[in-house]
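TrEMBL has this to say about the protein:
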- 441-454: compositional bias 'Basic and acidic residues' (COMPBIAS)
- 505-515: compositional bias 'Basic and acidic residues' (COMPBIAS)
- 433-479: region 'Disordered' (REGION)
- 505-525: region 'Disordered' (REGION)
- 539-559: region 'Disordered' (REGION)
- 60-79: transmembrane segment (TRANSMEM)
- 85-106: transmembrane segment (TRANSMEM)
- 113-137: transmembrane segment (TRANSMEM)
- 143-165: transmembrane segment (TRANSMEM)
- 177-196: transmembrane segment (TRANSMEM)
- 202-218: transmembrane segment (TRANSMEM)
- 255-278: transmembrane segment (TRANSMEM)
- 290-315: transmembrane segment (TRANSMEM)
- 327-345: transmembrane segment (TRANSMEM)
- 351-369: transmembrane segment (TRANSMEM)
- 402-423: transmembrane segment (TRANSMEM)
Amino acid sequence: MGSRKGRLHGALCEFFEIDKRQSSVATEIRAGITTFLTMSYILLVNPQILAQIGYPKSDVVIATAVGAGLASLVCGIFGNLPFGLAPGTGLSAYLSYGLVLAGVLSRPQAMTACFLSGAALALCALAQLSTVIMRVIPRAVKLATVVGMGLLIALIGMVSIGLVVPNEDTLVTLGDLSDYHIWLALFGLIVTGSMLFHQIKGGVLASIVLITLIVWCVDQDGPSRVLSVPHLQYGATRNIDVRPSSLSLDMLPPVLAFLFVGIFDISGVMFGLSSLAGIMEEDGHIPGSIWAFLGPALGTMVAAMAGCSPIIIHVESAAGIREGGKTGLTAVVVGLLFLLSLFFAPLFGKVPTAATAPILILVGAMMIGESQHIDWADMSQAIPAFLTSMMMPFTFSIPNGILFGVGMSATFFLTTGEFMDYLPGRLLGMKRGGKEEEEAQESRRLQTIDERSRLRLSPPAPSGKGPKGGSGSGLDHSAHYQPHMLFDEQPLTRRFSLILSKEEADEHSARDRELSSSLTGASGGSVRHAFLPAAAASRCERDGSDGEGGEEGVFAAQI
């Protein structure tokens, strides 16, 4: 028995390269369970959304579990990636409220659009068109897409526990604070956040289990049964219809919306989660990345046939990665638990919202951290980014945010004259600046933000002067990759973005340091510490350090 167990352990380690990625089977299993529990809300939320268009909730549970399970297994087994995949809540809302209930498409047409978007995603991945699309979309819009999704996910978490409720006069308002479930969820948020702060292994899972047990005991609403037999009332022939006579041009925009959102979401989240897991190679390549597209594509096609919205990589996977998940075994555990949920729906379905809502809020906070990489001083980037991020939670639609962001970026591309950079110089008789003008513009931008930092953000040094006789300039918020200090006491490591690679982050950091030193040298201040708070810079002088963070970047606002 022991020998057989040892062989199984060795086979898992070899197949998933567990030892190579400095993990363990137990850690991967725990990470998979954690990821599943943070994602399990989709088994409760998705049926509520798609039931609005007439689907039986039991059918949606089955479709959700099958689609998520298949996609996660494909991504884990073939791609060896620690990602959990499941239907996107925003895409489900768009399908129900934006397509079917709005009268744009019938229910079978909407599901057919989902099916076709899955097929298109697979073709784009195989033809590497997804890379082209990601390059065409402005960086600010891609970053803002992550921010908007974070706002949407956090809003879903707050609404699910009644912390935020509808109001006829003000649209939304504070919920009924006499409901103890709200306070229990906030308690879970504090417990989870405290455990993560102290880097306690299994903290997310422990918090979910703790709140779940409390709710079961207080409400006396534990699972009455454990097993149930899944039964699908609507078959594939009733959900999709790909006959030419059933297709229409009205289906094209939804197909493109599902496709682009899938590419944006998968590309950005894949990069961020791979960075967090430490599986990205030095050249920015992610091993098995094509399966991060093919997995959702296949899962979307199967889910659509069963009556479910498109499959995406869930950013909640960060919770499992934070628990140590680094290989595809984590995704396999997630996939198996989703498939098991078909039979154990009464048990998994009883995980209360108060236990999962804190995780949604934390994930939202993690994603909103990407806003620090947007150049808010440049209106041609700030306005599209703002519209992208705000339209998502306010309209409960990811495609709306992307549409407004891309449209506004295209407009500014013309009105700012940026398009002239792409015209041949011989047609214009001149060339616009080039690298020198770009550096001059960046220098002016840094100088403006530095002055704002001096006036608004930086507390004055006790002596009235900064280190080495400088003026105690504040922290430069435009130098996104500069090391910074929390309350001038606790050093934090450099963090890079979901979108930017480590090499790009280092390049931007070096350029910002060079430009900032040229700006602060004339004032007599310390070049090294010009963008550190006064107390932090003083301590760096005492320690003889330069205040730099660690070499290893981490996922922005990591959970």
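Note: Cβ is positioned from N, Cα and C throughout, glycine not excepted.
What you see is a predicted model, and the numbers here were worked out from it, not measured in a lab.
Taking residue pairs at least 6 apart in sequence, the transmembrane segment (351-369) and the transmembrane segment (255-278) share fewer than three C-beta contacts under 8 angstroms. By the Cβ criterion (under 8 Å, sequence separation of 6 or more), the transmembrane segment (351-369) is not in contact with the transmembrane segment (85-106), since fewer than 3 such pairs are found.
The transmembrane segment (60-79) shares the most Cβ pairs under 8 Å with 85-106, out of the stretches 85-106, 143-165, 402-423. Using a cut-off of 8 Å between Cβ atoms, the transmembrane segment (85-106) and the transmembrane segment (143-165) share at least three residue pairs, counting only pairs 6 or more apart in sequence. Most Cβ pairs under 8 Å with the transmembrane segment (290-315) belong to 113-137, among the candidate stretches 113-137, 143-165, 327-345, 402-423. Tertiary neighbourhood of the transmembrane segment (327-345): same-chain residues 12, 16-18, 21, 23, 25, 28-29, 31-33, 35-36, 39-40, 43, 61-62, 64-66, 68-73, 75-86, 226-230, 288, 317, 320-321, selected by CB-CB distance under 8 Å and a gap of 6+ residues from either end.
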